[in-house]
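Participant: Pasting in a structure now, in structure tokens, and then I'll have a few things to ask.
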Amino acid sequence: MNAQCLKKPEEGESSPGTGDKILQRNSLRAISPESSAKLYCCCGVIMVLTVAVVALSVALPATKTEQILINKTYAACPKNWIGVGNKCFYFSEYTSNWTFAQTFCMAQEAQLARFDNEKELNFLKRHMNSSHWIGLHRDSSEHPWRWTDNTEYNNTFLIQGDGECGFLSDNGISSSRDYIPRKWICSRSSNYMLQC
């Protein structure tokens with residue numbers, strides 16, 4: 001820069017570009033040591049914020065992907081099944097005999113419904129709209145009741161009737177012959193893995 005440009009014009013003297021020179025002088029004043037410190041401080045804050053935004057933009061999608069993968073591995077009930085406790089239940093809309101109902105449930109990797117406590121029994125009663133086959137059966141009225149997995153029923157709840165197959169109705173647990181058409185309830189453990 002030549003000395004002519006930095007020369008302060010005399011009072012009353014005007015020359016072409018005088019406004020530019022005044023602007024230059026004011027600009028030089030703006031870059032004082034005090035202004036430099038403020039400038040560095042602002043630049044530092046901007047850089048910290050930029051790094052934070054970049055870090056968050058990288059971290060958030062990774063977290064979202066991780067959550068999606070975790071959600072895919074949680075235990076869930078299959079579509080059209082209802083979960084309670086650690087079990088899933090399926091309530092049929094059609095009627096059939098006890099043997100067909102059990103075959104249907106087995107095809108779904110389940111059994112005719114088994115309940116292990118009063119809470120599960122009450123849940124089943126609330127969700128059915130007519131009598132439904134459940135997983136209780138026996139060879140004759142002389143034999144004990146068994147679940148479809150062949151474990152013996154503990155007789156916690158009274159079973160009415162002299163039939164060989166158990167069903168659930170508004171009146172509780174009853175029994176009848178296996179050929180009578182009824183709706184049915186399947187049950188399975190809720191460790192079913194959701195397949196996407």
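Any Cβ shown, glycine's included, is placed from N, Cα and C.
Annotated disulfide bond per Swiss-Prot: CYS77-CYS88, CYS105-CYS186, in sequence order, evidence recorded as sequence analysis. Annotation comment: Swiss-Prot describes 84-187 as domain 'C-type lectin', evidence class sequence analysis. The N-linked glycosylation site feature in Swiss-Prot is assigned to ASN97. Annotation comment: Swiss-Prot describes 1-21 as region 'Disordered'. Per Swiss-Prot, the feature topological domain 'Cytoplasmic' maps to 1-41; the stated evidence is sequence analysis. The topological domain 'Extracellular' annotation in Swiss-Prot covers 63-196 and is backed by sequence analysis. The annotation transmembrane segment is assigned in Swiss-Prot to 42-62 on the grounds of sequence analysis.
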Participant: Could you tell me which of these disulfide-bonded residues, CYS77, CYS88, CYS105, CYS186, has the greatest number of Cβ atoms within 10 Å of its own Cβ?
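Facilitator: The residue with the most neighbouring Cβ atoms within 10 Å is CYS186.
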Participant: In sequence order, what residues of the same chain, 6+ apart, have a Cβ less than 8 Å from the Cβ of the residue listed as 'N-linked glycosylation site'?
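Facilitator: In sequence order, ASP178, TYR179, ILE180, PRO181 meet the Cβ cut-off.
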Participant: Rounded to the nearest Å, what's the C-alpha distance separating CYS88 (disulfide bond) and CYS186 (disulfide bond)? Just drop the number here, would you?
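Facilitator: Here the two Cα atoms are 8 Å apart.
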Participant: Measuring Cα to Cα, how far is CYS186 (disulfide bond) from CYS77 (disulfide bond) in Å?
Facilitator: 12
Participant: Run through the topological domain 'Extracellular' (63-196) and tell me, per DSSP, how many residues are helix, strand and coil.
Facilitator: 31 helix, 42 strand, 61 coil
Participant: Compute the C-alpha separation of CYS105 (disulfide bond) from CYS77 (disulfide bond), stating it in Å without decimals.
Facilitator: 14
